[in-house]
Amino acid sequence: MVEQGDAAPLLRWAEGPAVSVPQDPALQAGGWVRGGSGGGRVAAEAPRRREPEEPAPPEVLLQPGRLELGDVEEDQVVAVFVVTFDPRSGNMVEWCLPQDIDLEGVEFKSMASGSHKVQSDFIYFRKGPFFGLACFANMPVESELERGARMKSVGILSPSYTLLYRYMHFLENQVRHQLEMPGHYSHLAAFYEDKKGVLHAGPGRGGSLPPVYWLPSIHRYMYPEMKITHPAGCMSQFIKFFGEQILILWKFALLRKRILIFSPPPVGVVCYRVYCCCCLANVSLPGIGGTIPESKPFFYVNVADIESLEVEVSYVACTTEKIFEEKRELYDVYVDNQNVKTHHDHLQPLLKLNSADREKYRRLNEQRQMLLYSQEVEGDYSPCEEDLFVLFFLEQNNRIFQTLLEVSASQDKTLTAEHARGMGLDPQGDRSFLMDLLEAYGIDVMLVIDNPCCP
C-alpha cells in the first residue's frame with residue numbers, strides 16, 4: 001500500500017443501510033451522542049452511481065430547532081464566492097452570490113496568512129452562524145501587474161460543516177478554472193441556484209449554532225456523513241502526529257477549554273486536527289453537558305477573529321498567525337506543532353502524562369493493531385480505524401461520567417481512589433483533572449483522594 005501525504009483526499013460519502021428513527025430520545029439505551037462530524041476532502045474519483053431500485057440511505061443527522069425526527073438535512077449552501085489577492089489592495093471578494101450577503105472577513109478566512117508559500121490548500125472556517133469551506137490555488141503567471149503569481153480561493157458557506165466536504169472536488173476544479181479563465185462565473189452561479197438553501201428563522205439562528213446530535217445506532221453512524229479513504233486516515237494521522245499527547249488534548253477537550261492550534265500553511269490538514277480534537281470529547285449519556293458549553297470547532301481563525309474569540313468560553317481552532325501566541329487572554333491551551341502548553345497555573349498538572357494515560361494509549365494502539373491485523377488477514381474493513389478511535393474515547397468518557405453520576409446519586413457522594421481507577425484514571429496523577437471535571441460539569445460528589453503533596 002502506497003503511503004500518501006497529508007494533502008491526499010481524505011473523505012468521501014459513506015453509504016450505509018437504513019437506520020430506524022426512535023420516537024423519543026429518552027427511549028434510546030445509549031442516549032444521545034453530542035457529535036462532531038467534520039468536513040473533509042472529497043476523493044478525486046467520481047461518486048458511485050446508485051441503481052434505480054437501490055433505496056437512498058437516510059440522513060440521520062439531527063439539529064434541534066431546525067430538523068424534525070425523520071427529516072433529511074438538505075443541501076443548504078447559503079453563499080458561493082471567489083476571493084482574489086490583488087497586489088495593490090490585498091485580499092478582496094471578487095464575486096459572490098447572493099450579492100447582498102455579509103461576507104466581511106471571508107476574504108481573509110478563505111486565504112490563510114502565508115498561503116503564498118504553497119501551491120494549493122483547503123480551509124474550513126466559521127463565519128457567524130455559518131461554516132465555510134474554501135479551496136485555494138496559486139498559479140505562476142508572466143505578469144508584472146500580478147507580480148508573477150495569481151492567487152484565488154473559491155468557497156461556500158453552509159449552516160452545517162458536515163455537508164461542506166461534498167463540494168471539495170467541485171471547488172478545487174473551480175479555483176483552477178478561475179485562475180486560468182478569470183471572470184467566468186457561470187458554473188458557480190448555476191451551482192448556487194441548484195444548491196442554495198432557504199433558511200428559516202428559529203432557535204440557533206443567532207451568533208452560534210445549536211449543538212449537533214446523532215442517532216445512537218451502530219458505531220459508524222456516529223459520523224454518518226464521512227468515510228475515510230486515505231490509507232492512514234485523518235484520525236490515524238492525528239494519533240501519529242501527537243502520540244501520547246492526545247491524552248493531554250483529550251482532558252482539555254473534555255473540560256471544554258479554549259484550544260488554539262498553530263501551524264504554518266498548508267492549513268487544511270490542521271483543520272482536520274481541530275475536528276479530531278472535538279471528537280475526543282463525545283459523550284452519549286443523557287443529562288451530561290447541560291451546564292457546560294458545547295465543543296465548538298471554529299477551524300481556521302486569524303486576527304480578524306480576535307474580537308469574536310474574546311467572548312468565547314470554549315472552542316477548538318487553528319491559525320497560521322504566530323501573533324496569537326502573545327494574546328494569552330484568547331486561549332487556555334496553545335498547541336505549536338506537537339508542543340502542548342498552557343499559561344494557566346491550575347492547568348499545569350494536566351500537561352503531565354501519568355501511568356493511566358500511558359495505559360490508555362497502549363490499549364488504543366493495541367486495539368488499532370488488532371483491527372489492522374483483522375483487516376489484513378480476514379479482509380474485514382468494518383469497523384474501520386476511525387470507528388475505533390471515536391468509540392475508544394466515547395466509551396472512556398461514558399465510563400467516567402457513568403461512575404460520577406452513580407456516586408452523585410449515592411447517599412454519601414464519596415468519590416474514592418478505587419472509583420478513579422475504575423474510571424481508567426490515576427488517583428493521584430488525575431486528581432486535578434477530576435476536580436476540574438466535577439466543577440465544569442456541576443457534579444456534586446466529594447473527592448476523598450489524598451493529595452500526596454499536602455500533608
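The backbone N, Cα and C atoms fix where each Cβ goes, glycine too.
For reference, Swiss-Prot has these:
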- V2: N-acetylvaline (MOD_RES)
- 15-187: domain 'uDENN' (DOMAIN)
- 21-61: region 'Disordered' (REGION)
- 32-41: compositional bias 'Gly residues' (COMPBIAS)
- R41: omega-N-methylarginine (MOD_RES)
- 214-362: domain 'cDENN' (DOMAIN)
- 364-455: domain 'dDENN' (DOMAIN)
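For the domain 'dDENN' (364-455), the DSSP counts in helix, strand and coil order read 57 helix, 4 strand, 31 coil.
Secondary structure of the domain 'cDENN' (214-362) per DSSP, as helix, strand and coil residue counts: 67 helix, 24 strand, 58 coil. On the 0 to 100 pLDDT scale, the domain 'uDENN' (15-187) averages 72 in this prediction.
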